[in-house]
Amino acid sequence: MVTVVTHPLVQHKLSHMRDVHTGVKEFRELAAELSLLLAYEAMRDLELEPHRLSTPLESGEFPMLTGKKLALVAILRAGLIMTDSIVQLVPAAKVGHIGLYRDPQTLQPVAYYNKLPTDIAERRVFLTDPMLATGGSASAAIQSLKDAGAASIKLMSILAAPEGVAVIERDHPDVDIVVAAVDSHLNDHGYIVPGLGDAGDRIYGTK
Ligand code: PRP
Ligand code: URA
């Protein structure tokens, strides 16, 4: 299932990210803020249970998080900005990293790093990558999470192409996707159109 977060704050920030005139500092800040807003939606179904506590006025039962603990997993390198931001909301979450880059010729993902929490199988996993383009990177990352035992995985991306969404739905129908927008299509180089360009380069100023 794909959830597109249509909230005006999300759409406004995304449009600024798309703008070619938005510089590195602002782009980074927007990516971090948008990630929090996407997490708000992605974590909507976290379980709560009543806890007894006392306010300064009286005691009562009040909802607190329960159920499986969380893991945030970034696809390097662009997903880092998302996990770095979201961990502020859920500071007890463990954080994993999957290093993948997309070969510019074949557009196939190339794996170079993998470090996941050892108890990933017991955690709800939120996988982050700002761009879901061909879907090759996210699909490979999800497969390595599953190989490590993860059973509950949600993918959070800022922008997706219909092609990437279709690949995840085909390869991993159990994985829900939360995005700010699904754009028109991929161009011949596998870039999302209209998109926002190369997310890693715009976050880290490498172009
Ligand atoms: C970008 C992006 C995704 C991938 C998406 O990373 O952050 O990981 O491309 O493309 P796909 O859906 O077609 O696989 P990139 O390969 O540029 O690596 P980087 O983050 O290290 O720059
Ligand atoms: N990776 C990016 O960073 N941007 C795209 O449009 C496609 C893949």
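Cβ atoms here come from the backbone N, Cα and C positions, even for glycine.
From the candidate list Arg44, Arg52, Arg102, the residue TrEMBL records in the 5-phospho-alpha-D-ribose 1-diphosphate site shared with Arg77, Asp129, Pro130, Met131, Leu132, Ala133, Thr134, Gly135, Gly136, Ser137, Asp198 is Arg102. Listed in sequence order, the residues Pro130, Met131, Leu159, Tyr191, Gly195, Leu196, Gly200, Asp201, Arg202 complete the 8 Å Cβ shell around the uracil site centroid, once Ile192, Gly197, Asp198, Ala199 themselves are left out. Using CA atoms as reference points, the binding-site residues Arg77, Asp129, Ala133, Gly135, Ser137 were checked against Ile192 (uracil binding site), and the closest is Ala133. Taken in sequence order, the binding-site residues Ser137, Ile192, Gly197 that lie near ligand 1, meaning a CB under 6 Å from one of its atoms, are Ser137.
For the binding-site residues given as Asp129, Asp198, the lowest number of other CB atoms within 10 Å of the residue's CB is seen at Asp198. Checking the binding-site residues Arg77, Asp129, Gly135, Ser137, Ile192 against ligand 2 with a 6 Å cutoff on the Cβ atom leaves Ile192, in sequence order.
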